[in-house]
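Enquirer: This is the structure I have questions about; it appears just below.
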Amino acid sequence: MPSTKLAESCTSAQRKPFAKWIQDNQDKLIARLAEAVEIPSVSGDASYRPEVHRMGKWLQDELVKLGAEIRSVPMGPQTLDGQTVELPPVLVGSLGKDPKKKTILLYGHYDVQPALLSDGWKYEPFKFTEDKETGRLYGRGSTDDKGPIMGWLNVIEAHQKTDTELPVNLKFCFEGMEESGSEGLEELVVKEAQGEFADVDAVCISDNYWLGTTTPCLTYGLRGLAYFSVSVSGPGADLHSGVFGNVVHEPMTDLFLLFSKLVTPKGEILIPGINEMVAPLTEEERKLYEVIDVTVADFESAIGGKVTISEDKAEVLMGRMRYPSLSIHGIEGAFSAQGAKTVIPASVKGKFSIRLVPDQDPDRVNELVQKYLKEEFEKLGTKSTLKVEMLSGGKPWVASIDHWNFRAAKKATETVWGKTPDYTREGGSIPITLTFAEALKKNVMLLPMGRGDDGAHSTNEKIDTSNYILGSCTLGEYLHEAAAAAEE
Ligand code: BES
Ligand code: MN
Ligand code: MN
């Protein structure tokens, strides 16, 4: 949708002054997103760490300019890529302390996934590019999760510029390590449950996406994650395969055989005990997936190929939302360059992860994985050595949608988009979500800004101008509906 047509597409109900201001000031708000995207705050790469800190400082300054009180909480040192680096700060703070108003806690992450032009991007990933023809705003972090964070800033500014009082008190929790395991955040949230977050009435996280490209959604569940590294080593150094092939046990061969025992091409996890922990599906629940407004073709277009395991929409949705999955990600130490190097790698480290659903617990899953891989390795009859480690773990989360927080978001979505949102569980993970729910004992709701085809974590990540602008209106409208919602 070309950006200039945007205001006309809006329903009259959303012509609140703040929403109108957002629509009338698109260019300024797009420039704000551009500034954020152009700070390459990649949390997973030590060489980018200063940029993550720069992004944290930039965001803190923006919030302070808008009148928020923000503490930049230092998170201590971390060892990354063999270096000791300082963890990026968590921004904790508030705007408004009116005891008569509800208090909503906003969470977002200002770090992003890595991206290189050579991965296949059309434009430099850390150079913000607006395609005026399509209205798409390209750049790493545009949808995950800088667009949504800018959305909150846009809402606050729009209220100030139109002399509109914010309808709720806001609390903030913006972190810079979400893409890399949220180190230390759980302890911080547990501590602040008695401090900064003590008066919070509900939590809103905007760090998710519509399922497809046309129907908004509200998300009430996320999968958890258990991430493993599997090291296999033997020789003291890389060897010539002509000299030592068929002389030594090869770690890479052992690793391949071991990894072939993890999952079938149809996605069935082969580790005993894992599937048994999944809560059984009821007929009732299956219906929830059948009414979701998405087609297998929508998935194929987001995937860029006709490669779904099932042709059945509900099965595809459940594969993503309510069943676990096991993905093999890569191998450290393997020969991966071009050409035909005749090497026997001396030691390799394979990485795989399992997305978890209720009632799977990362620690229990770790025990099962350790036991199974050791047994299977024994069966190989190799003299190589094996080490299995769970690098990070996060529990799954499911919320009740029968709460004013969800009803407020539903109304807001209907007002801005003229459509009833789908209720979705998501396949991805935001490990801190369950901690918010448990430590604060408050309802948590995920309100998305971007679309299913935005390409989060992928090449050519984008957000559509309409989603950025109307998504900002939705966030603002939600705050008004939350303020109006009857206390329960
Ligand atoms: N925004 C995503 C989470 C998400 C993914 C929500 C898909 C909805 C749909 C988040 O930034 C993310 O990428 N999380 C990581 C967490 C991991 C590093 C622990 C993920 O899911 O891989
Ligand atoms: Mn995210
Ligand atoms: Mn992400």
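Cβ coordinates come from backbone N, Cα and C, glycine included.
Straight out of TrEMBL:
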type: BINDING; residues: His109, Asp144, Asp207; note: Mn(2+) 2 binding site
type: ACT_SITE; residues: Asp111; note: active site
type: BINDING; residues: Asp144, Glu179, His457; note: Mn(2+) 1 binding site
type: ACT_SITE; residues: Glu178; note: active site, proton acceptor
type: BINDING; residues: Asp207, His240, Thr342, Arg355, Ser429, His457; note: substrate binding site
type: DOMAIN; residues: 220-378; note: domain 'Peptidase M20 dimerisation'
type: SITE; residues: His240; note: site 'Important for catalytic activity'
Enquirer: Go through the recorded positions Asp111, Asp144, Glu179, Thr342, Arg355, Ser429 and pull out the ones with a Cβ less than 6 angstroms from some atom of ligand 3.
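Expert: Cβ under 6 Å from ligand 3: Asp144, Glu179.
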Enquirer: For the binding-site residues Asp144, Thr342, Ser429, which sit with their CB under 6 angstroms from an atom of ligand 1?
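Expert: So the answer is Asp144, Ser429.
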Enquirer: Which binding-site residues among Asp144, Glu179, Asp207, Thr342 have CB under 6 Å of ligand 2?
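Expert: List returned for ligand 2: Asp144, Asp207.
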Enquirer: Once near-sequence residues are set aside, which residues in the chain of His457 (Mn(2+) 1 binding site), 6 or more away, have Cβ atoms under 8 Å from its Cβ?
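Expert: Set apart from His457 (Mn(2+) 1 binding site) by at least 6 residues yet with Cβ under 8 Å, we have Gln113, Asp144.
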Enquirer: When you tally the Cβ atoms that lie within 10 Å of each candidate's Cβ, which of the recorded positions (Asp111, Glu178, Glu179) has the highest tally?
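Expert: Most Cβ neighbours within 10 Å: Asp111.
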Enquirer: I need the nearest neighbour of the residue listed as 'active site' among the binding-site residues Thr342, Arg355, Ser429, using C-alpha distances.
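Expert: Minimum Cα distance from the residue listed as 'active site' across Thr342, Arg355, Ser429 lands on Ser429.
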Enquirer: Could you check which of these binding-site residues, His109, His240, Thr342, Arg355, sit within 10 Å of the residue listed as 'active site, proton acceptor', going Cα to Cα?
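Expert: Near the residue listed as 'active site, proton acceptor' by Cα: His109.
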Enquirer: At the level of the C-alpha atoms, what whole-angstrom distance separates Arg355 (substrate binding site) and Glu179 (Mn(2+) 1 binding site)?
Expert: 15
Enquirer: Would you give the longest CA-CA distance, in whole angstrom, between residues of Asp207, His240, Thr342, Arg355, Ser429, His457, the set recorded as binding substrate?
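Expert: If we measure all Cα pairs in Asp207, His240, Thr342, Arg355, Ser429, His457, the largest is 48 Å.
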Enquirer: Can you tell which of the binding-site residues His109, Glu179, Asp207 lies nearest to His240 (substrate binding site) in space, using Cα positions?
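Expert: Considering only the listed binding-site residues, the nearest one is Glu179.
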Enquirer: Only counting partners 6 or more residues apart, tell me which same-chain residues put their Cβ under 8 Å from the Cβ of Asp207 (Mn(2+) 2 binding site).
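Expert: Tyr107, Gly108, His109, Asp144, Asp145, Pro148, Glu178, Ile430, Leu446 - these are the non-local Cβ neighbours of Asp207 (Mn(2+) 2 binding site), listed in sequence order.
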Enquirer: At the level of the C-alpha atoms, what whole-angstrom distance separates Thr342 (substrate binding site) and Glu179 (Mn(2+) 1 binding site)?
Expert: 36
Enquirer: Round to the nearest Å and give the CA-to-CA distance linking Glu179 (Mn(2+) 1 binding site) with Ser429 (substrate binding site).
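Expert: Rounded to a whole number, the Cα-Cα distance is 10 Å.
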Enquirer: How does the model score the domain 'Peptidase M20 dimerisation' (220-378) in terms of mean pLDDT?
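Expert: Taking every residue in the domain 'Peptidase M20 dimerisation' (220-378) and averaging pLDDT yields 97.
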